[in-house]
Amino acid sequence: MAESLLARKYVDGIYIPLGLLVVGTAIVKREWTAYALLLGVVLGGIKYYNSLPKIALKPDVFQDFELKEKTIISHNVAIYRFSLPSPSSILGLPIGQHISIGAALEQPDGSTKDIVRSYTPISGDHQPGHFDVLIKSYPQGNISRHMASLAVGQTIRVRGPKGAFVYTPNMVRHFGMIAGGTGITPMLQVVKAIIRNRAAGDRTQVDLIFANVTEQDILLREDLDQLAREDKGFRVHYVLDKPPAGWQGEVGYKYLPKPADDVKILLCGPPPMVGGLKKAAESLGFQKARPVSKLEDQVFAF
């Protein structure tokens, strides 16, 4: 959301100094008032431009970003916080898109190969100065294992934005989301944007089905539950492959909205899961999903 030109920082930092300059000049030397006004407008314009957040991402160029903080979530999951060039810098990532993380990694044969993988930050441009990425490290993973080995102060290479999905307020009446494991990250990005935009009139309803193997595998559960408590338009439903005794979670697709022109299904998770969900969505009456999703599709897979 664009910041109002009547914000306090502009009043104190631009308008009041400009007014004092013009009034003071008019008192001391009235014939110079017009020049003082012109000078004030130029200086105010420069100060306004310098105060605007600078976008850090470049779509075609990898840049180095330093690891500022590493928060361990479990034995193989962590949140990595990377610094942006300045405290006022923003990543510049549209809601629903992702970044590419690349590294030159040694291969089993001793050679080095550039590996690139896509990730969706769980932070947003409303949080300047840094960006956060939630990553689960796999034994056979390339970038995920590399990330797990990083120490604070080391850097990664990032470029972007990438992706066919860009969220805009009220683009649909109702989202049905199904996520598996770390596939929760693009969903969380969209959900947070919807809730932030409520005051500006975003009425989008969201039902999120979050699938995991065990209860311990549920990532960011406290955050999701807190968002659901705060916003009645967002509901989260947990599904487990191996539920514990007495599990009170959900089963099946009963919480998905009914097919309609103003309803969209979002999918993200392991490829076999997404492939099965595309077929399931079609059997429920949604339009057949394409192999590669486009923004206008009723069933969109990240």
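Keep in mind that glycine also has a Cβ here, set from the backbone N, Cα and C atoms.
The FAD binding site annotation in TrEMBL covers ARG117, TYR119, LEU134, LYS136, ILE143, SER144, THR185. Neighbour list (ARG117 (FAD binding site), Cβ cut-off 8 Å, at least 6 residues apart, same chain): SER100, ILE101, GLY102, ASN142, ILE143, SER144.
According to TrEMBL, the feature domain 'FAD-binding FR-type' maps to 60-168.
A sphere of 10 angstroms centred on the C-beta of LEU134 (FAD binding site) encloses 21 other C-beta atoms. Within the model, the domain 'FAD-binding FR-type' (60-168) carries an average pLDDT of 95. Here the binding-site residues are TYR119, LYS136, ILE143, SER144, THR185; the one with the fewest Cβ atoms within 10 Å of its Cβ is LYS136.
Residues listed for FAD, ARG117, TYR119, LEU134, LYS136, ILE143, SER144, THR185, cover a largest CA to CA span of 17 Å.
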